[in-house]
Structure formats: structure tokens, C-alpha cells
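Report on the following structure.
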Amino acid sequence: MSLFAMGFLLVILQPSTGQFPRACANTQSLLRKECCPLWDGDGSPCGESSNRGACQAILLSQAPLGPQFPFSGVDDREDWPSVFYNRTCKCKGNFMGFNCGECKFGFSGLNCTERRLRTRRNIFQLTNSEKDKFLAYLNLAKNTPSQDYVIATGTYTQMNNGSNLMFRNINMYDLFVWMHYYASRDTLLGGSNVWRDIDFAHEAPGFLPWHRLFLLLWEREIQKITGDENFTIPYWDWRDAEDCVVCTDEYMGGRHPTNPNLLSPASFFSSWQVICTRSEEYNSQQSLCNATSEGPILRNPGNNDKSRTPRLPSSAEVEFCLSLTQYESGSMDKMANYSFRNTLEGFADPRTAISNISQSGLHNALHIYMNGSMSQVQGSANDPIFLLHHAFVDSIFERWLRRHRPILEVYPAANAPIGHNRENYMVPFIPLYRNGEFFIPSRELGYDYEYLQEPALDSFQEFLIPYLEQARQIWPWLVGAAVIGGIVTAVLSSLILACKKKRAGTSPEIQPLLTESEDYNNISYQSHF
């Protein structure tokens with residue numbers, strides 16, 4: 001990518017969006033527990049004067065949670081975002097955003113009435129110019145300060161309930177890295193105590209909807225800072241791959257010639273600094289990640305623990321996962337058996353769907369295979385391969401939704417781990433989104449996948465699969481019915497034939513021709529089912 005092109009991109013900056021709205025990161029908003037910023041279009045909170053939305057009290061889900069988190073009132077993320085705000089903008093119609101200043105996913109236009117469908121494509125199907133543009137956008141995001149959002153560097157208690165502000169500016173790319181960290185971090189219990197069995201983005205039903213929203217928001221931010229309304233995140237189809245084929249300087253960065261844990265200096269990703277990777281340090285200090293640089297991206301693909309992840313996932317494993325009919329099951333965590341979500345996430349064996357946390361399958365397998373920054377949950381989004389990987393994971397989720405066509409009630413309404421019930425708001429997003437809102441086909445959210453569009457035959461087969469599965473379940477009854485029907489038909493045919501012979505033997509002269517019979521149009525033919 002030329003310096004001229006990068007300079008051009010840096011000139012066309014626009015505000016980005018993310019987590020704590022800058023307009024609400026002040027003492028007054030925190031003490032009032034209200035985040036209802038003005039919309040620039042009319043100067044009213046939530047664009048109320050233009051009927052875009054209104055400032056309203058947040059309605060929290062009262063559904064019971066699972067037993068995995070035995071505390072209450074110790075974590076800012078409980079009943080998100082009520083610790084910080086209990087009034088936010090409630091947008092109307094197709095409007096969206098922390099001040100109702102944007103359109104919902106899949107809509108565009110001045111009044112958000114125009115439907116729009118974008119297509120995510122295989123990164124290896126991009127032209128050289130398209131690929132270079134994508135890489136330039138990534139670097140732009142890493143060097144563009146967020147205009148609209150800041151991150152919290154302390155808990156609400158450490159902020160003295162809002163009177164001692166602890167917020168910090170951050171660039172657009174790292175904003176999303178921080179959000180991924182914040183959703184998956186441990187609970188700080190005071191002293192040196194933490195609770196590790198908690199994650200608002202993984203190991204439970206919300207894993208797929210959470211990352212679906214994460215990608216959509218990231219995509220939207222790139223569209224805004226570049227002015228490229230057609231931008232979509234490309235995906236890497238890693239099925240049956242023998243190695244990391246995107247790990248080259250032409251794409252996501254090759255291997256360093258002397259240090260296999262680093263990226264090649266020929267890739268500008270080698271100069272990127274990671275954040276939020278030192279979870280044990282934060283825990284011991286009872287602090288949050290403050291987005292301080294912590295060193296370069298680490299990646300040594302294929303030199304991982306082979307006993308845990310012997311290879312990258314196969315096509316057969318993906319197909320088996322897609323055949324699972326239950327989205328969630330049992331405890332609805334990483335111990336769930338026969339769960340599509342748990343199998344795709346990688347805590348269940350992709351050949352049996354039985355939980356096996358000593359192995360890493362499908363989604364988890366690729367994270368472990370990368371053997372570096374990608375392999376640590378909280379900081380995994382530092383490596384830009386994260387985006388390509390999760391775009392393809394989302395496409396598998398999409399295939400499952402199209403194949404099984406679940407109703408919304410299939411997503412658990414209660415007893416899931418904390419933050420993962422259907423009506424829970426997803427941490428740490430502001431504006432607010434519920435898990436169930438993203439348990440819908442991607443086309444309703446304004447995007448599709450190139451390989452799910454073509455060829456048409458594949459789409460037709462995907463359509464037929466649910467009905468073929470039902471037929472498979474009832475085939476013994478169908479066979480039985482066919483046998484009985486055949487016997488009955490044979491008996492009736494024998495009786496009819498005998499009657500005809502008897503009539504033919506009596507008076508052949510008076511038998512009319514078939515075409516002369518008055519009952520010609522009333523004859524019914526036997527159907528052999």
C-alpha cells in the first residue's frame with residue numbers, strides 16, 4: 001500500500017462508534033445514570049423532535065440465570081448497563097445508534113427506509129486492489145482515534161460511583177479489541193481474588209449472536225471512516241487447509257525470518273502493538289486493561305500443542321456440526337452435549353458432539369493453531385486474522401439457521417449463564433442490543449455470504465434438507481404403508497380381473513366398445529403408490 005494512498009485515507013476521517021459514548025462519559029451522566037445524547041440533526045435527545053427515538057428507562061430481563069456465577073452485585077457487567085446507566089435512547093422504526101442517528105443494519109437512506117444487502121466474500125476471491133484496500137482499511141482503523149467513544153479504565157466503584165472519572169481515548173481498531181477483552185475478562189472480587197468462570201461473549205448461547213453483532217459494528221465503522229458504504233469483511237474458508245494460507249506478506253503477514261513467533265517486517269502488521277493481553281497482571285492489581293501497548297502481535301501457526309489441536313478443521317467436521325438439530329442443550333455452557341453452538345465453538349468433539357474440553361475443535365481449533373496472540377481469549381482480537389476467522393464462523397452459523405429455520409424461542413429464554421439469556425443486553429455495547437435480536441438470518445441484517453449465494457443448486461439443497469430429515473425419521477412408517485397399499489392393490493386387481501373374465505365369458509356380442517360407453521369419463525385408474 002503506497003504512502004500516498006494511506007495519507008489520502010487518513011484525510012477522510014469521520015467519527016467512529018463503539019462502547020462508552022463520549023457524550024455520556026461525564027460525571028453528570030453517570031450520577032444521573034442517563035445516556036441520552038443529542039442528535040446533531042435536530043439538537044434534541046435521541047432525535048426525539050424528529051420522531052427518531054426517545055430517552056426511556058431500560059427494561060431488564062428478570063429471567064433466572066444458570067448456576068455458573070454464584071454472586072450478585074460484584075461485577076459492573078451484571079444486568080448491563082444498569083450499573084452505569086438506567087436510561088438510554090430507545091430508537092423507533094429503522095433508526096439505531098446511541099443517539100438514534102444511524103440506520104439499523106440492512107437499511108440506509110435519509111429516513112432509513114431503503115433496504116440494502118451487502119455480500120461478504122472469500123478473501124482469496126478479492127482482486128489485488130480490493131485486497132490491498134482491505135489491508136489499508138485495517139491499518140487506517142489502527143491509526144484513527146475514535147471520535148464518539150472512550151473506554152473505561154476503572155470499575156464503577158473505582159470511579160467512586162461516577163465522581164472520579166476513569167476513561168481514556170482509543171483508536172478504532174483497539175476499541176473493538178478492548179470490547180472483546182471487557183466481555184470476556186474475569187470478575188474482580190477484591191484483594192487478589194477473581195472469578196474466572198464468567199464470560200459474556202463465549203462458552204454459552206450468546207457466543208454466536210455476540211460475535212455477529214461485533215462484526216456488524218466493526219464493518220459499520222470501516223464504512224463510516226472510509227466513506228466506502230459497500231465495504232464488507234472478507235472471510236477465510238479454513239476447511240481442510242493444511243496450513244495458514246493467509247499468513248503471507250501479501251495478506252495478513254508472513255513469518256519473521258529469524259524469530260518464528262513474530263511477523264515478517266515486510267508486513268505493516270509487524271509494527272502493530274497489542275493491548276489487553278496481560279490478564280493475570282490486571283487480576284493481581286484488581287484493575288482493568290487501560291489499552292497501554294504491550295508488544296507486537298505474536299503468531300507461530302502450526303507449532304501449537306498437537307495433542308490438543310492436531311490440525312485445522314475439516315469439511316466433514318463442519319458438515320457434522322451443521323447436522324445437529326439443537327442450538328443449545330443441558331447446562332448451556334462448555335459442558336453441553338449435542339449442542340450446535342458448543343460444537344461450533346469448539347468445546348465439543350466435532351465428530352460426536354460430546355463435550356471434551358481437553359480438545360479444541362472448529363472455532364477454538366483455529367485460535368489454538370495460530371499459537372500466539374489469537375490463542376489467548378481476552379486479547380485474541382489483536383490479530384486481524386480474528387476478523388477473517390469469525391466471519392467464516394458466522395457463515396457456518398448462517399448455514400445452520402437456513403437449514404433448520406429455528407423460531408426465536410429456540411434460543412434459551414432462561415437459565416443460561418449470566419448475560420446469555422435471550423432478552424439480556426449484550427456486554428459491553430451501547431446502544432443496547434439483546435442476544436435474541438441476532439438469532440435471525442443474515443439477510444434480515446443486510447448481508448449475505450458469497451459462497452451461500454452460488455451455485456443455486458446448493459441453496460436448493462439447503463432448502464430441502466429439513467424436509468429430507470423429517471422423511472428420514474418417518475421412513476419406516478412410509479415403507480409399511482407402501483407394503484400394505486401394495487397388498488391391497490394386488491387383491492383388488494385380482495378381483496377386478498376375475499370379474500372381467502366372468503363377464504367376458506357370458507355374452508361377448510353385447511360388450512360395447514370402450515369409446516362407446518356412457519361411463520367412459522367416470523372410469524378411475526388404479527394408483528400404485
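Counting begins at 1 with the first residue displayed.
Positions of Cβ are set from backbone N, Cα and C atoms, glycine also.
A TrEMBL annotation is a machine prediction, not a hand-curated record.
Model, not experiment: these values are computed from the prediction.
Annotated features, as they stand in TrEMBL:
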| type | residues | note |
| --- | --- | --- |
| SIGNAL | 1-18 | signal peptide |
| DOMAIN | 202-219 | domain 'Tyrosinase copper-binding' |
| REGION | 293-312 | region 'Disordered' |
| DOMAIN | 383-394 | domain 'Tyrosinase copper-binding' |
| TRANSMEM | 474-498 | transmembrane segment |
- Message: For a three-state summary based on DSSP, what are the helix, strand and coil counts in the domain 'Tyrosinase copper-binding' (202-219)?
- Response: 13 helix, 0 strand, 5 coil
- How does the model score the domain 'Tyrosinase copper-binding' (202-219) in terms of mean pLDDT? 98
- Task: Tally the residues of the region 'Disordered' (293-312) by DSSP class, grouping H, G and I as helix, E and B as strand, and everything else as coil.
- Result: 0 helix, 1 strand, 19 coil
